[in-house]
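Trainee: Mind having a look at this structure? Questions to follow.
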Amino acid sequence: MAMKSGTQADSAKAMEPGMKAESAEALEPGMNANSAAAIEPGVKVDSADAGPSRFQQLRRSFGDPFLGYLGLTYFGLKGLAFSLVSTTMLPYFQLMGVSGAHFQLAEVVARIPWSMKGWIGVLSDVFPLGPFHKRGYLQLSSLVGIAGLAGLALIPLQGLDPSNVWYVALLFCASNVFFATFDLLCEGTYSEIIREQGGGSEVLTMVWFSLQLGALVAALLVGLLVDAHGPQPMLLPCLPLALLALWRTSKGDLPEEKARSWKSLRLKLYSEPELFQLAGVMALGGLGLAMSAVFLGRTHRGIFAFTVSGGLVLYSFKTLPRTLAKCNLYMFLISVSHMNLSGPLAYFYTGGPGCVPDGPHFSYSYYLAVSNVVGAAGAAIGAVLFQTIQTWSFQGAFCITTFVQVLASGFDLLIISRKNLAIGLSDEFTYLFGDAACQSIAAQMATMPMALLTARLCPRGAEATVFAILAGFQNFGSAVGSVLGVQLAESFGVEASKDGPCNFEWLSTLVVFCHCVMPIACLSFTWCLVPGARIDDEAAFESEQPPPSFCSPAASPMSSPRLTPYDSPRSSNNYNNNNNTNSTAEEEPPGPMPDTQEYCLMQDEAFLVL
């Protein structure tokens, strides 16, 4: 099943332990699930208020500057700009003359920052750049992203050829560093405020609405521009958005307290050394996989992927509670088992007559824009359908979602074999109903039991760190699946280029093996790695919950004060009040706060992908 740019691969990954299963409704497609992790167990969100009272609650809890910053991040950056950059990749590389296999490997390189979000979070939490934990990393990632976006938008595309594929992949990677960092650190901030001030449902609704509205605007721009003007004009709107994000970050619209003392930060690092090490090893593994895609041949890429995967799995069993490690292994395996064939399939669907004489010949506007809109609707349907299996066991839920994915792959087989035409179904209808809709339904239905299972088993006291690591494993598994998919396609002689020559003789066989046989084979691990508890049975997991983990003392209000935006030293209200009432007070020097023996875990940061 082709997984196009912009799918919901980073959808809801985790939920806070203790949340009701029906809370999964909040994890809509495209929303990063660590947003939901911000809602404390047992906290009830009042839904009785309506209209202006909800808006006033948002303003009171988050402040106008930060609400504007959230809108910029989720509508402007992750909704609009990220969607434009993601959908631009296919036409960009095809116009360069890049083959289907190299396009898929370039996607692995470009998306590696999303597999390293946990490590970015660790760095910002323990090694702040300047006096604040997040601001320095947001500014640095903005500069990296602006450089990447400017290169993609302004370099003459006509002068690029397949030999430049890795340079262009690096530019896409730089833009994803920018998007992933803003996504991660914004989530961490509003999650902290939700914990202390409430307003969880309101801000999650705002985030979801902004994200989907931005993605819809991006789809409209793609449909209007890509066929007539090519990919580069779609990247131009991203540059002013990136510059605006840099400016508003520098102005302090993201509220945060000053970093604690270096002594406290070292204590935090020493409190969970194995978790920090696992997050770092995960980042190195993802970076190494990207480098293997660039520098290693087919055989050595596969050996490297298997070796690193085995090492990470073994280290996770050493670090994580055993039941959680087993579930993590299962989710990693099902991510790997759906070996990605997005490169050959994308070229089959969009290739010209020189590549596939009697093929679908989809335009970019149809393949990237129309199908994305239908896919978003399918993901929403998947979220609703998940609510109908709440009384099932986790094992049953994983089984049904696997079979839905296999069913969706059957539509690919119909189009590749051209049998859909024989039974009177057009390529456009078959593709929309199968690849775009069914695959999105299956992806969303698979994501939500993963989120709930992870949340139920996560050790108390280090939730955010563990959530980040598990998300990294799943993203790394998807990257490994892409590398293995390329290796199989090359081994069976599958060749793809925009205008030919192409060879899709073995493509149907590979789809059957990679998207049907392997996922079904992984179902045998369900009964030995996944608990047999019902999805809605929270009590069944009480015996699986370890006590607060990693021998760390509880967080102290002295070490990590909870600030609303109005309490923040960057809030204009607070600034004015301080000037009026305490104008002679000596200013604090820049840098971390004075030494204190108290410190807190990383439980206050939310670190996932979507």
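Using the three backbone atoms N, Cα and C, a Cβ is placed for every residue, glycine included.
Owing to the predicted nature of the structure, the values given are computational and were not obtained by experimental measurement.
According to TrEMBL, the protein has these features:
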{"type": "COMPBIAS", "residues": "1-10", "note": "compositional bias 'Polar residues'"}
{"type": "REGION", "residues": "1-20", "note": "region 'Disordered'"}
{"type": "TRANSMEM", "residues": "66-86", "note": "transmembrane segment"}
{"type": "TRANSMEM", "residues": "137-159", "note": "transmembrane segment"}
{"type": "TRANSMEM", "residues": "165-185", "note": "transmembrane segment"}
{"type": "TRANSMEM", "residues": "206-226", "note": "transmembrane segment"}
{"type": "TRANSMEM", "residues": "275-296", "note": "transmembrane segment"}
{"type": "TRANSMEM", "residues": "329-349", "note": "transmembrane segment"}
{"type": "TRANSMEM", "residues": "364-386", "note": "transmembrane segment"}
{"type": "TRANSMEM", "residues": "398-417", "note": "transmembrane segment"}
{"type": "TRANSMEM", "residues": "429-453", "note": "transmembrane segment"}
{"type": "TRANSMEM", "residues": "465-486", "note": "transmembrane segment"}
{"type": "TRANSMEM", "residues": "506-530", "note": "transmembrane segment"}
{"type": "REGION", "residues": "544-597", "note": "region 'Disordered'"}
{"type": "COMPBIAS", "residues": "551-561", "note": "compositional bias 'Low complexity'"}
{"type": "COMPBIAS", "residues": "571-584", "note": "compositional bias 'Low complexity'"}
Trainee: Other than its close neighbours in sequence, what residues sit by the transmembrane segment (506-530), given a CB gap under 8 Å and a spacing of at least six beyond its ends?
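Mentor: The answer is 1, 326-327, 329-330, 333-334, 337-341, 344-345, 348, 394-395, 398-399, 402-403, 405-406, 409, 412-413, 416-417, 453, 485, 488-489, 492-494.
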Trainee: Grab the same-chain neighbours of the transmembrane segment (275-296) for me: Cβ-Cβ under 8 Å, and only residues 6 or more beyond its ends, written as numbers and ranges.
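Mentor: The answer is 105-106, 108-109, 112, 115-116, 118-119, 122, 126, 166, 169, 173, 269, 304-305, 308-309, 311-312, 315-316, 319-320, 462, 465-466, 468-469, 472-473, 475-476, 479-480, 483, 550.
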Trainee: Does the transmembrane segment (465-486) come close to the transmembrane segment (66-86), meaning at least 3 CB pairs under 8 Å for residues 6 or more apart?
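Mentor: No, these stretches are not in contact.
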